[in-house]
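Report on the following structure.
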Amino acid sequence: MPLRLLLLLLWLWGLSLQRAETDSEGQTTGELYQRWERYGWECQNTLEATEPPSGLACNGSFDMYACWNYTAANTTARVSCPWYLPWYRQVAAGFVFRQCGSDGQWGSWRDHTQCENPEKNGAFQDQKLILERLQVVYTVGYSLSLATLLLALLILSLFRRLHCTRNYIHMNLFTSFMLRAGAILTRDQLLPPLGPYTGNQTPTLWNQALAACRTAQILTQYCVGANYTWLLVEGVYLHHLLVVVRRSEKGHFRCYLLLGWGAPALFVIPWVIVRYLYENTQCWERNEVKAIWWIIRTPILITILINFLIFIRILGILVSKLRTRQMRCPDYRLRLARSTLTLMPLLGVHEVVFAPVTEEQAEGSLRFAKLAFEIFLSSFQGFLVSVLYCFINKEVQSEIRRLRLSLQEQCPRPHLGQAPRAVPLSSAPQEAAIRNALPSGMLHVPGDEVLESYC
């Protein structure tokens, strides 16, 4: 028995050696750490034996990934891929790049794409293709939204009869959508392209544009936050119209302005401070420390949840109103469906679908499904809102019709020597709708003005 046991132990030991030889690249965590630690020691010894240059230069250092020698200011350093990588044999000919600034300080940017695991390149290329297509989609969506929102904002601003609290809130919402679209499109122009960087000029340009890129990132976060808060203002105001019997809008609009434009600063400013202190890397477009990202994400999720609850509450009110008025609205189910679809983009209800799915949970197909859903609807949301609440709005169409009739009266076109027949302004078919488009504080029956717009 002892001999058999000894032979078994020798066989297992030989098998382990064979596996270690055949799988030399499959290092354990402990082995990888030891190789990384030895690489750092060798780097430190090399730097101590090297005499620093006399001119302005970046100090030699080990940045926890690669060993950087002393480098002259305003140049790009290049070192071979670190040999402690498990796949070093496949990337031995690759290099890591880092920019030394004109002030003799290392830039936060580092390009190690040539040293990445080649086995992941295929999956990376597929993901890159999907992300590039999604970028094209939201670029088209935000550009279209930007154009239509600008036109809608001009229309609501020019016609004085459309000036009321409801449309003032719409105008601020349109502005927030425009700022969001403009900030995202501008940020994309300042961010580096997807995938590996080519050439030695890219780090220099990227380092020079770093401040502008981070500024654009901060403005983007503020504009996105303002967009969500103005969606919340729309929900709060609509709920106020339907529920509160005695309502006075004096002073309320100032509170709405403070909430819409002031609330985002309450979480964007702390995010900027914490990000600068604890994760001041690249253009701040990546959120490696999730706790910092939740400073912005938590208030946005709260606004989404509140708006969804308001949406459910409003639907309940509309159902009860429409059921009590079946004599006037016999097709109330169809009108309820139309009302629901109309309210969804105004309140951003679509955000609830993937709101419970966090960034940590979204992996693989779920991640791309979440990205595609949110990117498509969010980029075209401004376009839908401008169409639903401006271009096909009866009050807006009536004002445009009045303007056209007024212009026709000022510039008559005689036909066959016959004087043109004057058309009174009051003959417009939607004149009654305009007379009813008064500030909501003058309407004494709660919910009637909203219900009439759906019936």
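Please read every residue number as a count from 1 along the shown chain.
Keep in mind that glycine also has a Cβ here, set from the backbone N, Cα and C atoms.
Annotation source Swiss-Prot lists signal peptide at 1-18.
Swiss-Prot lists 19-135 (among others) with the feature topological domain 'Extracellular'.
Residues annotated as disulfide bond in Swiss-Prot, with similarity to another entry given as evidence: C43-C67 (among others). Cβ neighbour count for C67 (disulfide bond) (all protein chains, 10 Å cutoff from its Cβ): 19.
The secondary structure of C58 (disulfide bond), as reduced to three states from DSSP, is extended strand. Within 10 Å of the C-beta of C58 (disulfide bond) we count 24 further C-beta atoms, all protein chains included. According to Swiss-Prot, the disulfide bond annotation covers C58-C100 (among others), on the basis of similarity to another entry.
Annotation for N59 (N-linked glycosylation site): spatial neighbours P52, Y70, W106, criterion Cβ-Cβ under 8 Å with sequence separation of six or more. Annotation comment: Swiss-Prot describes N59 (among others) as N-linked glycosylation site, evidence class sequence analysis.
The N-linked glycosylation site annotation in Swiss-Prot covers N69 (among others), and the record cites sequence analysis as its basis. Around the Cβ of N69 (N-linked glycosylation site), the number of neighbouring Cβ atoms within 10 Å comes to 16.
Annotation comment: Swiss-Prot describes N74 (among others) as N-linked glycosylation site. Annotation note: N74 (N-linked glycosylation site) sits in a coil segment as assigned by DSSP. Other C-beta atoms found within 10 angstroms of the C-beta of N74 (N-linked glycosylation site) number 15, with every protein chain shown included.
In the shown protein chains, 22 other C-beta atoms lie within 10 A of the C-beta of C115 (disulfide bond). What Swiss-Prot records for C81-C115 (among others) is disulfide bond.
The transmembrane segment feature in Swiss-Prot is assigned to 136-158 (among others); the stated evidence is sequence analysis. Sequence-remote contacts of a segment are chain residues at least 6 beyond its ends whose Cβ falls under 8 Å from one of its Cβ atoms, and for the transmembrane segment (136-158) they are 167, 170-171, 174-175, 177-178, 180-182, 184-185, 188, 375-376, 378-383, 385-387, 389-391, 396, 400.
Mapped onto DSSP helix, strand and coil, the topological domain 'Cytoplasmic' (159-166) counts 5 helix, 0 strand, 3 coil. The topological domain 'Cytoplasmic' annotation in Swiss-Prot covers 159-166 (among others).
Here the transmembrane segment (167-186) has long-range neighbours at 138-139, 142-143, 145-146, 149-150, 152-153, 156-157, 216, 219-220, 222-224, 226-227, 229-231, 233-234, 237, 253, 256-257, 260-261, 379, 381-382, 385-386, 389-390, meaning same-chain residues at least 6 beyond its ends whose C-beta is under 8 angstroms from one of its own. Residues annotated as transmembrane segment in Swiss-Prot, with sequence analysis given as evidence: 167-186 (among others).
Taken from Swiss-Prot, the feature topological domain 'Extracellular' covers 187-214 (among others).
Within its own chain, the transmembrane segment (215-239) has Cβ neighbours under 8 Å at 165-166, 169-170, 172-173, 176-177, 179-180, 182-184, 186-187, 190, 256, 259-261, 263-265, 267-268, 271-272, 283-285, 296, 299-300, 303-304, 306-307, 310-311, 313-314, 343, 346-348, 450, counting only residues six or more beyond its boundaries. According to Swiss-Prot, the transmembrane segment annotation covers 215-239 (among others).
The topological domain 'Cytoplasmic' annotation in Swiss-Prot covers 240-251 (among others).
Sequence-distant contacts of the transmembrane segment (252-275) (same chain, six or more residues past either end, CB-CB distance under 8 Å): 165, 168-169, 172, 176, 218, 221-222, 225-226, 228-230, 232-233, 236-237, 240, 284, 292, 295-296, 298-299. Marked as transmembrane segment by Swiss-Prot on the basis of sequence analysis: 252-275 (among others).
Here the topological domain 'Extracellular' (276-290) is broken down by DSSP into helix, strand and coil counts: 4 helix, 0 strand, 11 coil. Swiss-Prot lists 276-290 (among others) with the feature topological domain 'Extracellular', giving sequence analysis as the kind of evidence.
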Query raised in the report: Cα of C67 (disulfide bond) to Cα of C81 (disulfide bond): how many Å, rounded?
Result: 9
Report summary line: argmin Cα dist to C58 (disulfide bond) over the recorded positions N74, C81, C115 returns N74
Query raised in the report: Looking only at Cβ atoms, how many others are within 10 Å of the one on C100 (disulfide bond)?
Result: 25
Query raised in the report: To the nearest whole angstrom, what is the C-alpha distance linking C43 (disulfide bond) and C115 (disulfide bond)?
Result: 18
Report summary line: As a whole number of Å, the Cα atom of N69 (N-linked glycosylation site) is distant from the Cα atom of C115 (disulfide bond) by 18
**Report entry** Spatially closest candidate among C81, C100, C115, the listed disulfide-bonded residues, to N74 (N-linked glycosylation site) (Cα to Cα)
**Finding:** C100
Report task. Over the span of the topological domain 'Extracellular' (360-374), count residues by DSSP class, listing helix, strand and coil in order. Result -> 11 helix, 0 strand, 4 coil
